[in-house]
């Protein structure tokens, strides 16, 4: 009696396998002598990953013998499992999510950090602004309840009484702020404030990273097994990323234009992408990366991350971060 | 389950006029409301929606084709699976209960959790979208088919046998023909469900499609786009629903049945009790075997593919099992606060409206057409809209659950009320009994099986609604817990939630069935034999 279910699954599976095989068949000549690797992105295609698009479009990975597929994320898309199972060589995660996965037994290392500064901000409107954490007291904040530990950490770091803040659970949208339901939002510097600006609404943003919230974001993760056995591919993948992001920094408008052009079906708006591209530069580049190159981090930053992660209930040790691949990339 | 169709009497000009009037006033009211709320980023006016659709016709067209293609593939796969399951149940009657139970259990798996799991299994591509679409449709086809394959008078079978023909001839000449109307009834409600499944599947990392555009528009505060996407998805769902109806009318000599419920348990008393226990044990046993076997077969990594023993450990033997159970119980409590009032309100409103329309038949025609159409609007598109309009508090969620329950209940009850035997009504009329007496003594008892069929199928539907809203909007309850567990790699919690939600849905479904038997035996004993 289990047969029909299995055969239904088998039919579906073989159907997709057939499709996949057809796809591979088409790709095979082009991909000759290239090793196929996948990079699992953490969200929908957007300028958030433009450095990768530049590397892909300019053929830098191909030169290094890699045939890279960029796997899109989404609101209900798993990021860590494809990396664990080996379906993706590298995934884009964040230190807090990586720490959670490691706690569950995933053998991950952070091998590069795209966003040195965490992109979380408190966004508010200019006539009732939140400029420093103390301003939060007495305000209504709209956020996902799941992010309560994040707010708690910010409050602890800045001696703010969280009980004086009213948390209103909202979905991830700027609408509760624009409609006056809440006084401020917990969101990313690079999405909801950008959406509001494009709609003609100026907002004030307080970057949590400027107030002690140190959690590396958009981190590149790989398994210990890959670090031991697929170093060549990891170095080639990351050096393409580094070149891509350095080119991105040269001309963010061009990066935005390329993103819109590469994904015509994603419903991207060029002006939104340009503004987002511009606003993520200060999160990704600093004197540190000018000196050591894109993706770099310091031991002090790791210590700060460990302290903030502890506030979020995550216990990690410095060996979660592994700089050896980056050293090879920048050393060569 | 209940499927309904706007079949029967061809719509008269007057009915068409009422319907048109309804649509026009709806659009005008919408436009006025949007103008009044301008600047709040809540409601886009129909004129703005139309402009957005025209300006983005290319993008929208491509996304629509992708989603429709995946929905169609899932529709075909799911319905084929349903046919195969029904055929198996027919070939092996003793296993029918177990097959039906297993089919229900799989149907009750929450989309919010199955989405990411399927993405991991398939990797990139349309696999999860197609599978979720198939999962969304197979049960609503399987159940009516099960009924339909038996819905032939026994004298027909005698006839086939008297010609010396066997089971194959029976299947081709009698069962297939008898099942056809039931198949169409299932296909009709399956069509919009496939669209919903495909859109939810796109949330797991699809490159393109209507679901992808919906996520983008919600984040970008692009209210025109949100409403335009919802309008197109709704219109498409209604169109496929109507198209299947048209095909059914062209193919069938009689109208498709409206009430689709699984056949009742045949035995009575202690024997039935024992049969239920045996069936339940067999269903659970096969489910565990299937779960464990599939994971071992595909050699899935234990980091995310938790086996039955992992879930058992997480819930029972692990040191933090009590904590896990407490988290789950807390989430379920939060969810039930929305689910139960919404479910009850949907049932009450659906029944109430149907009764009111029976007493006031003049306004009935237009309202039925609108309700049948609105029932096919996918929940992923209505969820953001209702939350925009009613906020993220309890009201918005309860209303959404109620809406999900209301339409099928309304349509089923309306049909049930019309099933009242004419002769009995004639008798009451001859005694000059009023419409209330007629309603109480004849029409309501006639409606009960339809009502309960709708109530039963509303259990998984309302669980789907509440988990989707919790996940996309309110961030509370079991729907949010599942999404959060997936993002925090807490796959023990995710799989535990899946198991609990599926079991509770099945229990709710069975619970409604138990209430049904009690009520029918007291109030409408003649309905017990169907």
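Backbone N, Cα and C define each Cβ position, glycine as well.
Annotation comment: TrEMBL describes B:332-512 as domain 'ABC transmembrane type-1'.
Listed as Cβ neighbours of the transmembrane segment (B:71-91) (distance under 8 Å, sequence separation of 6 or more from its ends, same chain) are residues 99-100, 103, 126, 129-139, 141-142, 145-146, 149, 171, 175, 179, 183, 186-187, 190-191, 194-195, 197-198. Per TrEMBL, transmembrane segment is recorded for B:71-91 (among others).
Counting only same-chain residues 6+ beyond the ends of the transmembrane segment (B:98-118), those with a CB under 8 A from a CB of the stretch are 85, 88-89, 92, 127-128, 131-132, 135-136, 138-139, 142-143, 146, 197, 200-201, 203-204, 262, 279-280, 282-283, 286-287, 290, 304-305, 460, 463-464, 467-468, 471, 478-479, 482-483, 486, 494-495, 497-498, 501-503, 505-506, 509. Residues or ranges marked as transmembrane segment by TrEMBL: B:98-118 (among others).
The transmembrane segment feature in TrEMBL is assigned to B:130-152 (among others).
According to TrEMBL, the feature transmembrane segment maps to B:172-195 (among others).
Residues annotated as transmembrane segment in TrEMBL: B:226-252 (among others).
Long-range contacts of the transmembrane segment (B:273-294) within the same chain: residues 97-98, 101-102, 105-106, 265, 267, 307-308, each at least 6 residues beyond the stretch ends and with a Cβ under 8 Å from a Cβ of the stretch. What TrEMBL lists as transmembrane segment is B:273-294 (among others).
Annotation source TrEMBL lists transmembrane segment at B:338-360 (among others).
For B:372-391 (among others), the entry in TrEMBL reads transmembrane segment.
The transmembrane segment feature in TrEMBL is assigned to B:397-417 (among others).
What TrEMBL lists as transmembrane segment is B:448-473 (among others).
For B:493-512 (among others), the entry in TrEMBL reads transmembrane segment.
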Chain residues outside the transmembrane segment (B:130-152) and at least six past its termini with a C-beta under 8 angstroms from it: 1, 3, 70-71, 73-75, 77-79, 81-83, 85-86, 89-90, 96, 100, 103-104, 106-107, 109, 111, 114-115, 118, 122, 174-175, 177-183, 185-187, 189-191, 193-198, 200-201, 257, 260-263, 457
